[in-house]
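> To start, I am sharing the structure in question, which I have written as structure tokens.
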Amino acid sequence: MELRLFVGLGNPGLQYTQTRHNAGFLAVDALAKRWQCSWVEKSRFKGYLAEGAGPGGRAILLKPTTYMNHSGQSVRAVADYFRLPPQQLLVLYDEVALPLGKIRLRPEGSAAGHNGIKSLIEHLGTNQFARLRIGIGREPPPPVLTNYVLGKFAPEEQEQLPAILDGCVEAVEAVLAKGLEKAMSIYNARSFGSPPDP
């Protein structure tokens, strides 16, 4: 089976731990735990790399340390080194347009205002790569977006996270085992975690 690269987007540093914008980091951390592989910092790739075996073959996990807006530098370096075309890439990242508990697999698409994805498109020269968008919701009334995404998950949201991250792992493993289209039909309609009581 072909080698696959799974990239989680986020910002490095303790101050960004458990923030909504780091949902991608949290998701690939969950994958690393599931596949029992360890993170190693690789300066040549400007990120943390973990290599393991998922369903269907060998997989590489990546957490860029370039900060969100320059994630494409790290992804391009890894893709070039391992000679991976965009079709063997899946990017996991936060999505304010989806409520907490929802995830969406897509085969391709625009950046839709996400600076991390914008950087990937610029450095890879294409938007033809799969992605898993992880819903982080949006406070009503809409706040300043930057403050919201860089804020930490609220305590009641933290309670939902384990189930949401389990859903991300299941969806990625379904992509590997059954293909993207089948995984989309299963997971794009599901919700994970119980919303807090009103």
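Cβ coordinates are placed from backbone N, Cα and C, and glycine is handled just like the others.
Small disclaimer: the values here were computed from a predicted structure and weren't measured.
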> According to Swiss-Prot, Tyr67, Asn69, Asn115 bind tRNA; so which of Tyr16, Tyr187 is the extra one listed there?
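Between Tyr16, Tyr187, Swiss-Prot records just one in the tRNA site with Tyr67, Asn69, Asn115, namely Tyr16.
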> Quiz question: given the recorded positions Asn11, Asn69, Asn115, which has the greatest number of C-beta atoms lying within 10 angstroms of its own C-beta?
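The largest 10 Å Cβ neighbour count belongs to Asn11.
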> Could you check what DSSP calls Asn69 (tRNA binding site) once collapsed to helix, strand or coil?
helix
> Taking the mean position of the Cβ atoms of Tyr16, Tyr67, Asn69, Asn115 as the tRNA site, which residues outside that list, in the same chain, have a Cβ no more than 8 Å away, listed in sequence order?
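The answer, listed by sequence position, is Gly10, Asn11, His21, Thr66, Met68, His70, Ser71, Gly116.
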> Round to the nearest Å and give the CA-to-CA distance linking Asn11 (site 'Discriminates between blocked and unblocked aminoacyl-tRNA') with Asn115 (tRNA binding site).
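Each residue's Cα considered, Asn11 (site 'Discriminates between blocked and unblocked aminoacyl-tRNA') and Asn115 (tRNA binding site) end up 12 Å apart.
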